[in-house]
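As recorded in TrEMBL:
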- GLU133: active site, proton donor (ACT_SITE)
- CYS12, CYS103, CYS198: [4Fe-4S] cluster binding site (BINDING)
- HIS43, HIS81, HIS131, SER226, ASN228, SER271: isopentenyl diphosphate binding site (BINDING)
- HIS43, HIS81, HIS131, THR170, SER226, ASN228, SER271: (2E)-4-hydroxy-3-methylbut-2-enyl diphosphate binding site (BINDING)
- HIS43, HIS81, HIS131, SER226, ASN228, SER271: dimethylallyl diphosphate binding site (BINDING)
Amino acid sequence: MEIIKISPRGYCYGVVDAMVIAKNAALDPNLPRPIHILGMIVHNKHVTDAFEEVGIYTVDGENREAILEKIDSGTVIFTAHGTSPRVKEIAKEKGLVTIDATCPDVMRTYDLILEKKEEGYHVIYIGKKGHPEPEGAYGTAPDIVHLVETEADVDALNISSDKIFVTNQTTMSQWDVLDLMDYIKLRYPQAENHKEICMATQTRQEAVAEQAVGADVTIVVGDPRSNNTNRLAQVSIEKAGVPAHRIADIRELDLEWIKHAKKVALTAGASTPTHIIREVLVFFRSI
C-alpha cells in the first residue's frame, strides 16, 4: 500500500500560538486559580484532555455567554476562535482575569467588520452556524452583521443598504465561500466581496485537492468538531474526486475503508496533535 502524505497538514500557527498561551498560563503561579478555557482552546479533544492534566479546564456549552455563566472566579482564556466584545465585558464585570488566545487571522476579520461598520456598511458574514468564530463575528457588531451559511439564508435576507460588505469564517471551504459570494452578488450586485480564508486553511485545502488525486481513499485525522478538518474531507470528495473518512485517532480507523486500497492519502486538520498523526502513519507503514 502506498501512503500519500499530503503536505502541509496538521498544526497551523494560530493553533500553536493558542496552545503556547495556555501552557504559559498553566506555568504562571501568579494567575488566580482555577484557570478555565471558554470553550475548546482548539477543536481537538486530545488537546483539551492534555490541558486538564496540567490544571487548565475546558468549560463548554451552547455559546460563549452561556459558558461564562458557569465561571465565577479565577482566570478565563478566550479560545483561538475568537469571542465577542460583550463576552469580554461580562468577564470583566465578574472580576475574572482574562487571557486572549484569539488567532490573529480571526482578529483581523473582526477588526475589518468594525471598520466597515464605521463606514456605514452592512456585513454579510459567511460561516457555520453554531461555530464560535461566527458567533464572535456576529457579536462584534450585531446590528449590522448578517450570518449566512446557505443560499436559502441569503434568500431570507432583507438588506436595503447600498453599502454591503461580504466576508467569511476563516476555516470554510474556499470554493464554498466563493460560490456563495457569487450567489450573494446576484441578489445584491452592489456587494463588495472580501474572502478571508486563512492561509493555513487555504494551503491545506489546495494540497488535498491536488495531492489526493489518484488515491483510492483519503483519511483525514482530526476532531469531529473541527470545521477545517471536516472541510478537508469535503475537498477530497468534491475537488480530488476521492472518497474520504475523518478519524479522531487510530482507534476510529475502519479497516474496511482501506481493505482494497492501493493508494491512501493522509492529511490532518490544523488542530490535530502531531503525535496523533504519527500514530496513524506508523499503523499504515505496518500493514
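Numbers run from 1 along the shown chain.
From the backbone N, Cα and C atoms, a Cβ is placed for every residue, glycine too.
Here the features listed in TrEMBL are placed on the structure.
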residue : record                               : contacts (Cβ under 8 Å, 6+ apart)
CYS12   : [4Fe-4S] cluster binding site        : CYS198, ALA200, THR201, ARG204, ALA270, SER271
HIS43   : isopentenyl diphosphate binding site : HIS81, ASP223, ARG225, SER226, ASN227, THR229, GLY269, SER271
CYS103  : [4Fe-4S] cluster binding site        : GLY14, VAL15, ASP17, ALA18, ALA80, HIS81, GLY82, THR170, CYS198
HIS131  : isopentenyl diphosphate binding site : HIS81, GLN169, ASN227
GLU133  : active site, proton donor            : HIS81, GLY82, VAL106, GLY127, GLN169, THR170, THR171, ASN227
ASN228  : isopentenyl diphosphate binding site : THR171, THR201, ARG204, GLY222, GLY269, ALA270, SER271
What number of additional C-beta atoms lies within 10 angstroms of the C-beta atom of SER226 (isopentenyl diphosphate binding site)?
25
A 10 Å Cβ contact count, applied to the binding-site residues THR170, CYS198: which residue has the minimum?
CYS198
